[in-house]
Amino acid sequence: ADAADKPDDPNFFRMVEGFFDRGASIVEDKLVEDLRTKETPEQKKGRVAGILRIIKPCNHVLSLSFPIKRDNGEWEVIEGYRAQHSQHRTPCKGGIRYSMDVSVDEVKALASLMTYKCAVVDVPFGGAKAGVRINTKNYSDNELEKITRRFTIELAKKGFIGPGIDVPAPDMSTGEREMSWIADTYANTIAHTDINAHACVTGKPISQGGIHGRISATGRGVFHGIENFMNEASYMSMVGLTPGVQDKTFVIQGFGNVGLHSMRYLHRFGAKCVGIGEIDGAIYNADGIDPKALEEYKLQNGTIVGFPGAKPYEGSILEADCDILIPAAGEKQLTRNNARRIKAKIIAEGANGPTTPDADKIFLENNVMVIPDMYLNAGGVTVSYFEWLKNLNHVSYGRLTFKYERDSNYHLLMSVQESLERKFGKQGGPIPVVPTADFQARVAGASEKDIVHSGLAYTMERSARQIMRTASKHNLGLDIRTAAYVNAIEKVFKVYNEAGLTFT
């Protein structure tokens with residue numbers, strides 16, 4: 001084994017491949033059985049094994065080095081990567097992270113997770129991921145802009161970005177600002193004649209072709225995912241909790257975009273956040289932490305440490321007392337070293353790859369339910385898909401239907417009112433039909449935000465049902481991750497099988 005593959009620190013790409021293999025071993029016979037071809041059983045087996053071999057590896061990995069000039073006049077060489085795992089559906093899709101932990105292995109692993117994630121939630125993209133190896137705290141805004149714009153040009157030169165080729169998105173230490181720089185650079189250089197140029201990246205500000213609800217999408221999806229599984233009484237009896245998120249306690253590791261918005265939505269629907277951990281310290285309050293107050297404190301102070309609404313927490317926040325643990329930071333946080341000390345009954349993977357295979361086995365033995373990353377944090381790519389469609393359609397959701405829907409709703413109310421008055425109005429004059437508060441809010445038709453929110457909620461619910469059906473069909477119990485991989489493999493397999501090979 002290579003140096004990085006210590007028992008408790010598995011190679012990240014191989015870790016994802018291991019999870020894939022577990023899913024493939026369960027579904028392989030069924031795939032052979034379902035093939036409607038005239039081949040012999042042996043040929044069918046060979047075809048299935050061959051396609052599974054095609055799915056697994058990362059198709060393209062681009063490694064880049066490029067110079068920038070620092071504010072002090074010094075020259076520096078920056079390293080970056082973009083991995084495209086699969087082109088069974090195009091474009092490829094996946095975030096860009098700025099972190100000192102970026103490596104070829106990490107980018108390949110995250111790209112492969114993106115392929116399976118898109119398949120699980122029925123978003124028609126292949127998986128990709130990019131990383132730039134920098135610590136953003138050591139660079140000025142001006143320097144970060146130079147790095148981002150130059151990285152975009154380097155990707156474009158190699159054909160690794162474009163609305164129909166490969167569409168990046170925000171990830172760790174990147175957000176709307178960086179996406180705006182990417183879109184602007186691409187649209188003003190290599191794609192200055194392409195009307196769809198701004199669809200080259202998602203997670204943009206609204207003024208640059210972004211979509212309402214994208215910033216909170218991953219956290220909102222995490223909430224919907226937790227809710228879908230926690231409302232299922234059969235699962236909750238396995239882990240020993242009552243159904244529903246109401247009054248449950250939760251702890252979050254990582255108070256970035258995903259952590260903050262997961263906390264906000266869970267709090268809004270009656271769950272209680274008792275602990276938050278970040279790289280520089282953790283806080284705990286058994287009576288609950290207010291998300292708004294903590295968000296404001298972090299904005300002002302750049303840290304959660306010292307927040308007056310909670311006490312400092314010594315030791316690992318992952319091991320704190322709670323019902324739901326949400327790792328929303330880096331990968332490989334839950335390992336065989338700490339898995340037995342985790343008190344939560346539900347682990348909701350907001351981050352990508354936070355659980356090692358060894359920890360996964362321990363959780364299954366201990367009846368802890370892990371809601372896997374490839375389903376749970378797919379809210380981000382789902383709403384990115386909506387944004388990409390909006391860019392290709394060149395019109396915001398609801399723009400053409402607003403007035404028509406509103407008028408139709410009022411006509412409906414008047415029609416009911418007039419019918420009632422014709423029948424009963426003789427005795428007492430007019431019978432006003434007044435919309436309820438909830439209906440009044442919807443009378444005007446769906447805004448873009450409403451459409452995004454309902455589309456996301458529907459996606460998370462439908463995918464959860466598919467995963468639950470698969471888990472029950474294959475008697476997987478609490479092994480939700482394997483059920484999700486089985487679903488993803490079936491869908492990707494179908495595309496490869498029916499497309500055939502390009503040149504054989």
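Yeah, the Cβs are placed from backbone N, Cα and C, and that goes for glycine too.
Under a cutoff of 8 A between CB atoms, and with a sequence separation of 6+ in the same chain, the neighbours of LYS390 (NAD(+) binding site) are GLY209, ILE211, SER396, TYR397. Per Swiss-Prot, NAD(+) binding site is recorded for GLN87, HIS88, ARG89, ASP122, HIS198, LYS390, and the stated evidence type is similarity to another entry.
LYS117 (substrate binding site) falls within a helix when secondary structure is assigned with DSSP. Among the features that Swiss-Prot reports, substrate binding site is placed at LYS93, LYS117, SER384.
Per Swiss-Prot, the feature active site maps to LYS129. Neighbour list (LYS129 (active site), Cβ cut-off 8 Å, at least 6 residues apart, same chain): ARG82, ALA83, HIS85, GLY94, GLY95, ILE96, ARG97, VAL107, LYS108, LEU110, ALA111, MET114, ASP171. According to DSSP, LYS129 (active site) sits within a strand segment.
For HIS212 (GTP binding site), the Cβ neighbour count at a 10 Å cut-off comes to 20, with all displayed protein chains included. According to Swiss-Prot, the GTP binding site annotation covers HIS212, SER216, TYR265, ARG268, on the basis of similarity to another entry.
Here Swiss-Prot flags SER396, ARG462 as ADP binding site. Counting only same-chain residues at least 6 apart in sequence, those with a Cβ under 8 Å from the Cβ of ARG462 (ADP binding site) are ASP122.
When the neighbouring Cβ atoms lying within 10 Å are counted for each of the binding-site residues (ARG89, LYS93, ARG268), the highest count belongs to LYS93. Working note on the binding-site residues GLN87, SER216, SER384, SER396: by count of other C-beta atoms within 10 Å of each C-beta, SER384 ranks first. Under a cutoff of 8 A between CB atoms, and with a sequence separation of 6+ in the same chain, the neighbours of TYR265 (GTP binding site) are SER216, GLY219, ARG220, VAL222, PHE223. A distance of 15 Å separates the Cα atom of HIS198 (NAD(+) binding site) from that of LYS93 (substrate binding site). In terms of C-alpha distance, the listed binding-site residues LYS93, ARG268, SER384 place LYS93 closest to GLN87 (NAD(+) binding site). LYS117 (substrate binding site) sits 27 Å from ARG268 (GTP binding site), taking the CA atoms of both as reference points.
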